[in-house]
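Report on the structure given below.
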Amino acid sequence: MKVVPSLLLSVLLAQVWLVPGLAPSPQSPETPAPQNQTSRVVQAPKEEEEDEQEASEEKASEEEKAWLMASRQQLAKETSNFGFSLLRKISMRHDGNMVFSPFGMSLAMTGLMLGATGPTETQIKRGLHLQALKPTKPGLLPSLFKGLRETLSRNLELGLTQGSFAFIHKDFDVKETFFNLSKRYFDTECVPMNFRNASQAKRLMNHYINKETRGKIPKLFDEINPETKLILVDYILFKGKWLTPFDPVFTEVDTFHLDKYKTIKVPMMYGAGKFASTFDKNFRCHVLKLPYQGNATMLVVLMEKMGDHLALEDYLTTDLVETWLRNMKTRNMEVFFPKFKLDQKYEMHELLRQMGIRRIFSPFADLSELSATGRNLQVSRVLQRTVIEVDERGTEAVAGILSEITAYSMPPVIKVDRPFHFMIYEETSGMLLFLGRVVNPTLL
């Protein structure tokens with residue numbers, strides 16, 4: 001029996017031009033040293049002082065951990081809500097297949113925020129829904145993303161790889177603090193480039209991205225403006241393996257309903273076993289949980305009535321998803337799920353403008369933390385390309401999964417044979433890694 005892997009790749013690009021952008025860099029958070037008590041008339045013995053200091057430090061450490069955990073949860077929640085807002089903006093222009101990475105977008109824009117200050121920085125925070133975190137320490141946001149990145153990369157079962165490039169014009173003066181902070185928080189690799197030779201720069205950058213994405217995106221750049229000074233590229237590669245595998249032996253060509261009148265034939269995978277699901281009576285939709293190895297999950301949202309999938313998008317929030325998860329019950333089920341591959345590219349700067357992030361794309365951008373010429377810089381382009389592939393390729397899985405269905409019981413069936421939404425979460429952090437919609441599984 002084969003494990004079904006899901007390959008998901010997201011690449012985000014931010015391009016900076018010399019035309020109009022800031023101030024001292026954020027410092028890493030420091031915990032103030034505990035102060036000695038001086039109000040006592042009699043000096044406490046040295047051992048007692050040490051005990052008190054240890055207790056104080058231990059209490060501070062516990063408070064720090066609790067605060068950090070709450071901040072991470074808030075970050076995940078706000079990133080998800082940002083993702084749902086972005087979904088609605090994309091949906092106004094595209095009613096077909098869709099996939100993008102809210103996590104990747106937030107990660108890249110937070111990295112860019114290291115070079116911004118004043119209203120430029122504030123707009124990015126507000127647009128990403130991150131102003132609610134109200135950081136009490138400098139460098140909080142990048143520190144949270146750094147911790148999350150490191151946690152995800154240590155989880156080898158998850159199969160998530162993330163990286164960042166800064167392609168910099170050879171004579172462009174980037175501040176050393178921006179270099180150092182980008183490396184510290186986002187492990188950014190800086191690559192000098194001659195953008196005046198646009199064709200050579202395009203070829204070299206495509207080579208880098210092709211190599212890092214393992215050939216999944218051989219050509220990210222179609223053209224390069226010779227006036228470009230800096231291009232930031234973030235990529236996320238996710239190759240997940242289902243915890244409950246689909247056996248390719250049972251994959252058959254079946255009918256998928258595009259709408260009330262049109263159907264197509266697609267390879268439909270079949271799985272039987274214990275699945276968690278719920279039915280939302282308010283929205284009349286099935287929500288199915290398909291777990292990956294490494295503590296990640298794909299949520300599949302399938303409307304009961306054909307054609308209602310777009311209407312649901314207006315109501316998607318983190319609170320709604322949390323309600324679905326709380327109401328889920330695990331039971332023996334049969335699941336039919338189509339194989340599909342999506343390859344989507346979006347010019348995100350226009351959508352981000354609509355979400356209130358405007359200044360960084362204008363001559364009023366303040367990027368003076370990025371470069372000494374920061375008030376003559378603006379970001380010209382933010383592009384995200386995401387690829388997802390769900391099929392039966394993979395490693396051997398444990399046999400006998402079908403034995404969980406008893407001979408005398410007809411299990412419930414969920415057949416994903418019409419347009420649906422999917423969300424891929426990392427469960428420990430609650431971070432929404434990818435969000436998408438499949439209207440036609442045979443189209444990219």
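Here the Cβ of each residue, glycine as well, is placed from N, Cα and C on the backbone.
What Swiss-Prot records for 56-65 is compositional bias 'Basic and acidic residues'. Residues or ranges marked as N-linked glycosylation site in Swiss-Prot: Asn36, Asn180, Asn197, Asn295. Among the features that Swiss-Prot reports, phosphoserine is placed at Ser56. Feature annotation from Swiss-Prot assigns region 'Disordered' to 24-65. Look at Swiss-Prot and you will find 136-153 tagged as region 'Heparin-binding'. The signal peptide feature in Swiss-Prot is assigned to 1-21; the stated evidence is experimental evidence. Marked as site 'Essential for interaction with PROZ' by Swiss-Prot on the basis of similarity to another entry: Tyr261, Asp314.
Here the features listed in Swiss-Prot are painted onto the structure.
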residue : record                                     : Cβ contacts under 8 Å, 6 or more apart
Asn180  : N-linked glycosylation site                : none
Asn197  : N-linked glycosylation site                : none
Tyr261  : site 'Essential for interaction with PROZ' : none
Asn295  : N-linked glycosylation site                : Asn155, Glu157, Leu158, Glu426, Glu427, Thr428
Asp314  : site 'Essential for interaction with PROZ' : Arg88
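According to its DSSP assignment, Asn197 (N-linked glycosylation site) is coil. In terms of DSSP helix, strand and coil, the region 'Heparin-binding' (136-153) has 14 helix, 0 strand, 4 coil.
In the predicted model, residues of the region 'Heparin-binding' (136-153) average a pLDDT of 84. According to DSSP, Asn295 (N-linked glycosylation site) is assigned to coil rather than to any helix or strand.
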